[in-house]
Amino acid sequence: GECEQCFSDGGDCTTCFNNGTGPCANCLAGYPAGCSNSDCTAFLSQCYGGC
């Protein structure tokens, strides 16, 4: 999905999450379309130390 793509394209957490407006923003809201549970867990752990 676009969330994973953001990171694989070299985006960082600021870019990919962008305070709730980036392609990974949905991860923060509970894994809707474009982010699987495992993707979000990995990204959130990477970005926020397991938040």
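Cβ atoms here come from the backbone N, Cα and C positions, even for glycine.
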Cys13, Cys16 - which one Swiss-Prot pairs with Cys6 by disulfide = Cys16
Task = Determine, on the basis of Swiss-Prot, the cysteine among Cys24, Cys40 paired with Cys3 in a disulphide.
result = Cys24
Ask   = By CA distance, which of the disulfide-bonded residues (Cys6, Cys13, Cys16) lies nearest to Cys24 (disulfide bond)?
value = Cys16
